[in-house]
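According to TrEMBL, the protein has these features:
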- 6-75: domain 'MIP18 family-like' (DOMAIN)
- Gly117, Lys118, Gly119, Gly120, Val121, Gly122, Lys123, Ser124: ATP binding site (BINDING)
Amino acid sequence: MSLSHDEVTRALTTIQVPGGGNLVSEDMIRALIVDGDAVRFVIEVPSVEIAKVSEPLRAASEAAVAAIPGAARVQAVLTAPTAEKAPPSLKVGGHPKPQDGPMRIPGVKQVIAIASGKGGVGKSTVSSNLAVALMRQGKKVGLLDADIHGPSQPRMMGASQRPASPDGKSIIPLRAHGITLMSIGLMLAEDKAVIWRGPMLMGALQQMMGQVQWDHHDGELDFLIVDLPPGTGDVQLTLCTKAVVAGAIVVSTPQDVALLDARKALDMFATMKTPVLGLIENMSMFHCPDCGHEAHIFGHGGVAQEAKRLGLPFLGALPIDLETRLAGDGGVPVALGDGAMANAFADLAGKLVAMSPA
Ligand SMILES: Nc1ncnc2c1ncn2[C@@H]1O[C@H](COP(=O)(O)OP(=O)(O)OP(=O)(O)O)[C@@H](O)[C@H]1O
């Protein structure tokens with residue numbers, strides 16, 4: 001039996017907060033998503049200082065939800081409005097504005113979309129690490145988390161404050177590890193998250209493209225990496241029709257079923273005439289840390305073959321790597337380090353730089 005939104009909300013009412021009341025009565029839950037046995041939500045505390053000491057609150061809320069029968073994967077992140085600036089008074093969402101053809105996103109030279117046919121193949125992991133690897137090669141890089149079903153970039157990049165809007169019109173993006181960062185999920189109020197449907201979502205994406213000051217921290221960005229939701233839905237269509245997208249990269253695991261879905265994503269980009277820059281095979285193999293044996297748990301080489309068949313560049317194969325997962329969960333992407341995975345992402349970034357005019 002799958003979990004209900006109400007069950008999760010009820011569990012969160014059991015978590016008392018300092019000063020009285022509970023997480024729900026004090027309106028501190030944002031972007032609550034219940035997806036099968038997975039639950040994700042954001043806890044908004046009043047300030048960054050409070051966020052720094054609120055880990056027990058976060059852990060307790062995760063535990064309370066995880067205790068509901070049927071809940072398996074529970075993820076809570078803390079956020080706080082930036083202290084010195086007014087909180088955004090923007091109404092995020094709303095109906096999309098009429099627009100003639102694709103527009104250049106202000107403050108951005110090139111938009112690179114990271115897509116996958118299905119969820120959980122590592123698209124967000126690739127997005128954050130590629131962003132960091134490009135930055136380490138001297139590029140100015142932004143990262144837009146456009147996956148409203150589960151904002152993973154705030155966790156993976158370790159930045160969960162709510163972005164500020166001093167004038168109520170423009171949005172100042174966050175900054176983490178030298179990357180300019182924005183996540184649609186961090187702008188959503190809890191009630192909005194569940195009622196957001198196509199048109200509202202499209203309006204929000206347009207706001208991310210038009211109202212975020214992408215050049216605020218670093219000047220004009222060389223690359224804006226967009227972490228798309230999985231599949232071939234409205235967000236993909238809106239991005240590719242409303243914004244000038246330099247190219248898309250499709251991430252897949254070697255399994256047949258993932259590849260089948262990846263083909264649908266490739267078809268979609270072909271229909272929208274968005275150039276596909278290449279394919280990446282993630283979770284390609286596992287190197288046993290004890291004996292060095294290379295095991296191909298999900299099969300191997302399927303994505304490279306598919307790329308060859310379609311005449312598209314194969315950008316690389318990334319192994320299953322525990323450190324990569326732990327680093328992502330800990331908010332410090334593995335590409336910031338010096339190991340084999342950091343080198344693999346540096347290699348990917350080098351290929352992207354080589355094929356881009358900027
Ligand atoms: N190469 C890898 N080695 C080990 N773990 C990985 C690797 N790539 C991704 N993961 C882990 O797999 C999980 C799913 O990855 P990720 O969130 O990047 O996928 P996704 O395709 O963006 O998923 P979703 O569609 O749900 O957003 C995460 O826990 C991540 O840390």
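Residue numbers in this text run from 1 along the chain shown.
Positions of Cβ are set from backbone N, Cα and C atoms, glycine also.
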The domain 'MIP18 family-like' (6-75) - residue tally per DSSP class, helix then strand then coil: 25 helix, 19 strand, 26 coil
Task: Would you pick out, from the binding-site residues Gly117, Gly119, Gly120, the residue whose Cβ has the largest number of other Cβ atoms within 10 Å?
output: Gly117
Message: If the criterion is a C-beta within less than 6 angstroms of any ligand 1 atom, which of the binding-site residues Gly117, Lys118, Gly119, Gly120, Ser124 pass it? List them in sequence order.
response: Gly119, Gly120, Ser124
- request: Could you tell me the mean pLDDT over the domain 'MIP18 family-like' (6-75), as a whole number?
  value: 88
Field: Lys118, Lys123 as binding-site residues, winner by CB count within 10 A
entry: Lys123
- prompt: Which residues, sitting 6 or more apart from Gly122 (ATP binding site) on the same chain, put a CB under 8 Å from its CB?
  reply: Ser116, Val251, Thr253, Asn282, Met283, Leu318
Query: Quick one, of the binding-site residues Val121, Ser124, which Cβ has the fewest other Cβ within 10 Å?
result: Val121
